[in-house]
Amino acid sequence: MLFTVSCSKMSSIVDRDDSSIFDGLVEEDDKDKAKRVSRNKSEKKRRDQFNVLIKELGSMLPGNARKMDKSTVLQKSIDFLRKHKEITAQSDASEIRQDWKPTFLSNEEFTQLMLEALDGFFLAIMTDGSIIYVSETVTSLLEHLPSDLVDQSIFNFIPEGEHSEVYKILSTHLLESDSLTPEDLKSKNQLEFCCHMLRGTIDPKEPSTYEYVRFIGNFKSLNSVSTSTHNGFEGTIQRTHRPSYEDRVCFVATVRLATPQFIKEMCTVEEPNEEFTSRHSLEWKFLFLDHRAPPIIGYLPFEVLGTSGYDYYHVDDLESLAKCHEHLMQYGKGKSCYYRFLTKGQQWIWLQTHYYITYHQWNSRPEFIVCTHTVVSYAEVRAERRRELGVEESLPETAADKSQDSGSDNRINTVSLKEALERFDHSPTPSASSRSSRKSSHTAVSDPSSTPTKIPTDTSTPPRPHLPAHEKMTQRRSSFSSQSINSQSVGSSLTQPAMSQAANLPIPQGMSQFQLSAQLGAMQHLKDQLEQRTRMIEANIHRQQEELRKIQEQLQMVHGQGLQMFLQQSNPGLNLGSVQLSSGNSNIQQLTPINMQGQVVPVNQIQSGVNAGHVSTGQHMIQQQTLQSTSTQSQQSVMSGHSQPTSLPNQTPSTLTAPLYNTMVISQPAAGSMVPIPSSMPQNSTQSATVTTFTQDRQIRFSQGQQLVTKLVTAPVACGAVMVPSTMLMGQVVTAYPTFATQQQQAQALSVTQQQQQQQQQQQQQQQQQPQQAQQPQSQQSSQDQPHPSVQQPAQLTQPPQQFLQTSRLLHGNPSTQLILSAAFPLQQSTFPPSHHQQHQQQQLHRHRTDSLTDPSKVQPQ
């Protein structure tokens, strides 16, 4: 039993051990599983973060249009970092040491400030003395523009006595530099010397002034100049230096003034045309300054308020500014001249001001002055001042101006002209001063072994290079007139100086045939351009001459035909003097001028007399012609005191447009009579004849069309003038005959009995109105505003196309010159309505005056 119990105990112990082992194994598996899960999570998180970083890095790299894998992104990142490290190393090597400049300034800003502080400018000179680069700070120091110095010789700006010294310095180093390497040129070639340089002036006629300067610089090899340079230095070298130059060495120096300037003449304007506004009192004190002013003039508003503007102006500009301000106070607005304004940095800046006066809105008194100041560059100021002085600008500026004057399609390429001629001037010679001597004095090229050629003794103005072809072209354009110019001769004369210069220039031994052919080709191209321009000018001359010839022919036609009109601007109308109408054979001149007032009367057709005559016009200009009588078979007969047969020539319809006065006076030497005024407005010249006739029943008949006969009353006056109304039906011009023809066969229209009855009535009315003769001027004045009856005698016409003029108002005018057209054979009073009775009485009063003024011996018997 004991064995059995022990066995059972041992089995129970074994079971417990197995279960504990199994449990331990399960626990270990659970722990491992948890670790693996945790490890997988952390690994996934790391991979996700890595992918995000790779993606972000790939998006920052250039050229990420396509999706890149991780290795490509990492490779490009490595390349970028390596390149950035190299650039940083180069920048550190070329960077100015931090103990020199503040950290907030760039290299260019610090260089500009250093030049201004040192009163200096950069200058690059070739070993022969030609200037290839100059910085803009030369303007504030020597008043030269950079364009004045570039491509010039340094000897043009140095006194003649210092030429040999400067030339010796440059040429000596030229001989030494032949055996030096570019590395030696960088370390062992510093040079320093002093000389005088010419100051620039606005007026070249002013006496020359020289400034003592110091050159400090090194010789640089142009072969080692980097391709990326600042301030256009590379462009200047490429334009100026040709492959023919063998040395390729230039002297780059900092030029400083020996005597510092406490106040600069002017500062360099980086952005011209900047503006700012200020407000001044009538005493020219600052009242307001806008926010744009401090960056330009340096002053804050509170620093200038209450101060006078004259405190900041240059002393040389005060007189001109005072005149401008006087003009402002006189006219209320204006524009100032160019003047210098002192900035806070003690520099002069050029300004121009537009100003006007504002007035109080209640009392209209001047309140203050509003000014708009514009910054201008010194180049613009100098160009304007030289234009006022009549001095031509330097060659680049004048060439640009002249190219703008010519047409855009036919403009001469002045840049190519300049460069083509510069190829000859820049031809290399063994002499280092030959080029400067040619530019300064146009003398012969010096011998290679001789001393440098000196500039002319007259150094009052800096010599400028003059291109012969440009001079000829300027002279040709200035002296150009209306006469024609031979294009071939002009073209040859223009190009001959340049060709002769090219022929006289010594050709160096090293110049190739290709360069010579290129120069000749440039000259041929220049010649073709000049000839083309000349042909264009000649064509313009011929065209203008043809137009002038046509105008002269028209003037001769007008003067030859004789009628002249004088326009008087003081009168509202047109004053026609001594008008003469033309007809058949004899000539009868008018004596009194025609005055037409009032309105413009267009005349489509005017036909009068036997033939359909009208006032002849030539190209809408009234032409003076003499009045001529025609044959008796084409006459219109009218009974008058002293009548003559007249007629007007039959001409084609014309249009007459002229402003007419209220009175048109046509003189006639005869006594007063009844005047018929025939006129027509035919639509067709072939219409049948129309005659206005009177029948025995005293009724007026019109054969064709709607016609209205103006009632005209005549009274003989010494001057014998005919008054024409200003308002006429259909705008027709009324022309009355000065003389009238009588024929026996046309006098039968009115009987003798009617004449006797009329004479009796006239005598009775004269007796009744004798007490009223004292009031005659008043009655005549009132009669001008009333229509007067008239009787028109029938006219027998030999030419068919006739119609009578239609008018609607009475002729009126000055009583002393008025000829009231009265009826020589008036109808009975019953012919007219009762309203005309008083008018007829006034007619009889004028008739009485006519009888007293008319010479009975000149009146033909009825």
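Each Cβ is built from the backbone N, Cα and C atoms, and glycine gets one as well.
As annotated by Swiss-Prot, compositional bias 'Polar residues' applies to 405-416, 447-461, 638-652, 853-862. Under the heading compositional bias 'Low complexity', Swiss-Prot lists 478-493, 623-637. Residues or ranges marked as domain 'PAS 1' in Swiss-Prot (evidence: sequence analysis): 107-177. Residues or ranges marked as domain 'PAC' in Swiss-Prot: 336-379. Swiss-Prot lists THR451, THR461 with the feature phosphothreonine, giving similarity to another entry as the kind of evidence. The region 'Disordered' annotation in Swiss-Prot covers 388-497, 623-652, 768-802, 822-862. According to Swiss-Prot, the region 'Interaction with SIRT1' annotation covers 450-570. Feature annotation from Swiss-Prot assigns site 'Interaction with E-box DNA' to ARG39, GLU43, ARG47; the stated evidence is similarity to another entry.
Cα to Cα, ARG39 (site 'Interaction with E-box DNA') and ARG47 (site 'Interaction with E-box DNA') are separated by 12 Å. Looking at the region 'Interaction with SIRT1' (450-570) alone, the prediction's average pLDDT is 59. Secondary structure of the domain 'PAC' (336-379) per DSSP (helix as H, G, I; strand as E, B; remaining residues coil): 2 helix, 27 strand, 15 coil. Note on the domain 'PAS 1' (107-177): DSSP counts are 42 helix, 13 strand, 16 coil. In this view, GLU43 (site 'Interaction with E-box DNA') is surrounded by 10 other Cβ atoms within 10 Å of its Cβ, with every protein chain counted.
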